[in-house]
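J.: Pasting the feature list from TrEMBL:
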type	residues	note
BINDING	D44, H180, S182, E337	Mg(2+) binding site
BINDING	D44, D390, H391, H465	Zn(2+) 2 binding site
ACT_SITE	S119	active site, phosphoserine intermediate
REGION	236-256	region 'Disordered'
BINDING	D349, H353	Zn(2+) 1 binding site
Amino acid sequence: LLSPPDAEKTPGYWNKGARRRLELALALQPVAQRAKNIILFMGDGMGLSTMSAARIYKGQLSGGSGEESILAMETFPHMALAKVSGAVLGGTVLLPLPEIPLDPSCFQTYTIDRQVPDSAGTGTAYLCGVKANAKTLGLSGAAIYGKCRTTFGNEVDSILHRARLAGKSVGIVTTTRVQHASPGAAYAHSASRSWYADANMPKEALRDGCKDIAYQLVHNTDINVILGGGRMYMTPKRTPDPEYPEDPDQNGTRKDGRDLIAEWLSAKQGARYVWDKKGLDAVEDDSVSHLMGLFEPKDMRYELNRNTSTDPSIVEMTEKAVRILRRNPNGFFLFVEDDHIPCAGGRIDHGHHSGRAKQALMEAVMLDRAVARAGELTSLSDTLTVVTADHSHVFTFGGNTPRGNSIFGLAPKKAKDKRAYTSILYGNGPGYSIRDGGRPAASLPAAEDKDYRQQAAVPLETETHSGEDVVVLAQGPMAHLFHGVQEQHYIAHAMAYAACLEPYATEPGCRAARRASHGSQCSPQPLLALLALCMAALMVGG
């Protein structure tokens, strides 16, 4: 048998691989039954270039050259493509040409008032189903950023809230504070994404009757599982943090004197609160109906900085959430976000904002591991799993690098200024630097360090989002609804339709789906399971 490098030199290797893919495509059939469960994975800031780089990084972490690797999310049968033959212009959808036999799913991420969005406006779109203004949460476009009074009457309910009203269990898992923009859109209605606690709100907003996001987390929706960071916004001012009791900067911040954790525990029968990995591991899956785990005062740590003995990973939090939520015979909805810099969203996002590509890509790899673990804990026959991003970043990689080059390595030739540069670069951000009349030369091993800042073309305190479309990947019941070029708010509508949630609860097939959820489980879809396994097998050999 030829070794992989030698096999790749033969036409038969590529022809055989292409034929396998063609056979899978021809065998693919829509799963038209309704979804009992929905899991939405949100890679905050995980644009297409980030996914591609994370794929290579994943392969290199396993000892391979990286390019031939495949992410778990990339095995989903309904997925986006790098090239899309349509565009969204001024709200008008230009559909792909009908003769193209592909299934792209690309989503424009602008908000009503911004060409390039933030995580609050996008969160309202993909969770609540409506486009909104930037920096507002759970409100229609009639609400004005920072204006409390425009909140009332303009609230829009998220798919998480609607799933709970329908009798499903619901949960949130995030590597940021649970009050942050992306998870906040699942339960809050706020004219400002920054109103984490009452201490973060202007006096006028408090006088006008607006509530902070932490308060709404506890009082708006009956959420079964809440896992992430954000302890300081839940307790009274000067309350010592359980993990950092000697550091006053980590103390509680609430001015109203409320202990929201205690309020939540007292209102939920069978509820449990934990603040470290040991506490999370001790929770028996069948012993709680509600679980809140807040593992840092603010955002959780990057995976590469995580204390593995005290802080759980996104994979561990996702597994715990699924094990608890899946006990509900009516099904569940779970939102999982990875976003990592103190200004934006999840830890992927934060890594990019700080110009630290290695931190961002490790977060993307961890999100993919969470996707894989969730797939092992659920069934393709009744669980719709969707993976997407809220926006992208001005992040790219290139430079004619050879096969197997470290994704964090140097381009093989020097630039016009006779200095080396890394394959990964940013369009703007804190990586901009001028020394002795020019940019500093990149070098190894410094460029491989987890905190290395890749160079940027334009100097900014933090790197910015980018405005290109983002990818959506889906598997399970009704996954075929994710196709073509769509507006980002379509995601919430497709998920709601798939699970018979409002406003689609009375659509044909929903009555039978509700009966099935209370009776015997639907038999697995052997073909779909086989297709997923075959797609995963394609990581080796063509």
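First residue shown is number 1, and so on along the chain.
Using N, Cα and C of the backbone, Cβ positions are placed for all residues, glycine too.
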J.: Let me spell it out: take the region 'Disordered' (236-256), skip the flanking residues so only those 6+ beyond its ends count, and list any with a Cβ under 8 Å from a Cβ in it.
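T.: Distant contacts of the region 'Disordered' (236-256): 197-200, 214, 275-276, 296-297, 310.
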J.: Within 10 Å of H465 (Zn(2+) 2 binding site), Cα to Cα, which of the binding-site residues H180, S182, E337, H353 are there?
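T.: Candidates kept after distance check: H353.
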J.: Fill in the CA-CA distance, H391 (Zn(2+) 2 binding site) to E337 (Mg(2+) binding site), as an integer in Å.
T.: 13
J.: At the level of the C-alpha atoms, what whole-angstrom distance separates H180 (Mg(2+) binding site) and S119 (active site, phosphoserine intermediate)?
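T.: For H180 (Mg(2+) binding site) versus S119 (active site, phosphoserine intermediate), the Cα atoms are 9 Å apart.
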J.: Just checking: which of D44, E337, H353 have a Cα that is within 10 Å of the Cα of the residue listed as 'active site, phosphoserine intermediate', counting only these binding-site residues?
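T.: Close binding-site residues: D44.
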J.: Of D44, S182, E337, H353, which is closest to D390 (Zn(2+) 2 binding site) if I measure between C-alpha atoms? They're all binding-site residues.
T.: D44
